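What TrEMBL records for 81-92 is compositional bias 'Low complexity'. Residues or ranges marked as domain 'Major facilitator superfamily (MFS) profile' by TrEMBL: 111-520. The feature region 'Disordered' is assigned by TrEMBL to 68-92. Residues or ranges marked as transmembrane segment in TrEMBL: 177-198, 236-255, 267-285, 331-352, 372-393, 429-452, 464-488, 494-516.
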Amino acid sequence: MAKLTLRAESSCLFSPTTSSQSQPSSFVSSFRRRRLLCFPPKHNLEFRVFCSIKERESIKETKRVNGVPVDKVQREGSGSEGDSGLESGSGEVGFDWDWPPWKNIPRRYKLIGTTSLAFVICNMDKVNLSIAIIPMSHQLGWSSSEAGLVQSSFFWGYALSQLPGGWLAKIFGGRKVLQIGVLTWSLATALVPLVAGFTPGLVVSRILVGIGEGVSPSAATDLIARSIPLEERSRAVAFVFGGLSVGSVAGLLLAPPLIQNLGWESVFYIFSLLGIGWYVGFQFLEGQASWVGESIPRSQSTDMKKTWSTKELGDSLKDVPWKEFFRNQAVWAMIYAHFCGSWGHYTCLAWLPTYFSEELNLNLTEAAWVSILPPLASIFVTSIASQFADNLISSGVQTTTVRKICQTIAFLSPAACMTLSSLDLGLPHWEVVGILTGGLALSSFALSGLYCTHQDMSPEYASILLGITNTVGAVPGIIGVALTGYLLDSTHSWSISLFIPSIFFYLTGTVIWLVFASSKPQTFSKTD
């Protein structure tokens, strides 16, 4: 129900001058025969708009105090104004609704939502070069090897920032680190067109983009580990990291028309403004009382108490149990699995638009549209995988078993689909596109497998553990992307350069994960 209250110096009602039996001939004559009766200013005119018959009837039962509805007394009588709020002729018009719209949303959901939006922008700034590299190569005369070098430079910064990002997130909190990361990569993205003609400068700018984006996964992992209970964790991770797929779709959709109408430089300028806008908006939201004044209920994080230690956030770097990390076989399983998954993901992310363009003879826009299909399908698969994993855990299935099932699906599905695509089976090109789309989409099960295991093992050190595994996971971005370009120049075979290495790592990663992976909570105490 929406309620409109009008307050004025005097409240007036219209009363007829003739008897109730008189029948006015017209609306005008009726109006003229009425006289105006005024009452003291303490009376108010109230208009209520009912959204349903149920609300209309239920208002009759509303309790009243001295002729005033209880809800009005509670709103206006609780303060220092008392009854004066009823008697003053303020001339106010008010509506009974909450503003801002996110006021009553739990704080942990606000954080997850804004973090997911940051990841959308993150991948938009990552994939923009995958599309822009085609006209840039033609304009600047780059070979496939040179294009691969430029694209791989992003991952140099991405790898360098993983461990520092995890450590900083542990000390200062993931929220602060994420803000700095978004601002860094956004400003660096805007530099790309300015230094494109100078290869060392272009490489440095992409390294800076990689540094900014490199701290984001650890920051998000820290935020989720501290804010989200176990039974909601798969969905939270899927929602946040699923923003990467949304970002890929958005970037691949927006980049081609921008390039064709405004030039390839426009992609970097416009996308960088989105990140800067996110940073400014986040600063504004943090200043709102409805954002910072709300605490997370203890009942919603009771599962976290079992694995949190008593160390303060300000622990120095030397207090991190590095030796205990690397003595744990489950940590090594995460490291290798992250490497294997990243090889297939990063090489396809960088080279699929070119593959579709050359193999299907598509123009820039058509190649970009086809490249959208895998991340678009991943959005759908992610929602299913996260619900599937959380339901299994809630029904009593061991967490380790759930993570192994999800990660196995994430590895074997793309391996099988890439095998079909690499064999000369005489399949039409569009069937190959469909097979690759299905395999890469199912690899999103990793968000409910590997990417939840860091938090399962240790919420306290989750950001650092992800920093370790993501550092190794960034190596395929450096080596794999550049190696694919080199092999393509040497062999002119997409099967040898793109698919076969990914299939190898997917299969070996599955074996290591099934044998050694574990989600059992770990203390990583130095006294062990």
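Each residue's number is its place along the chain shown, starting with 1.
Here the Cβ of each residue, glycine as well, is placed from N, Cα and C on the backbone.
It is 177-198 that, among the stretches 177-198, 236-255, 372-393, 464-488, 494-516, forms the most Cβ pairs under 8 Å with the transmembrane segment (267-285). Contact count against the transmembrane segment (464-488) (Cβ pairs under 8 Å) is highest for 494-516, out of 236-255, 372-393, 429-452, 494-516. Per-residue pLDDT, averaged along the domain 'Major facilitator superfamily (MFS) profile' (111-520), amounts to 84 for this model.
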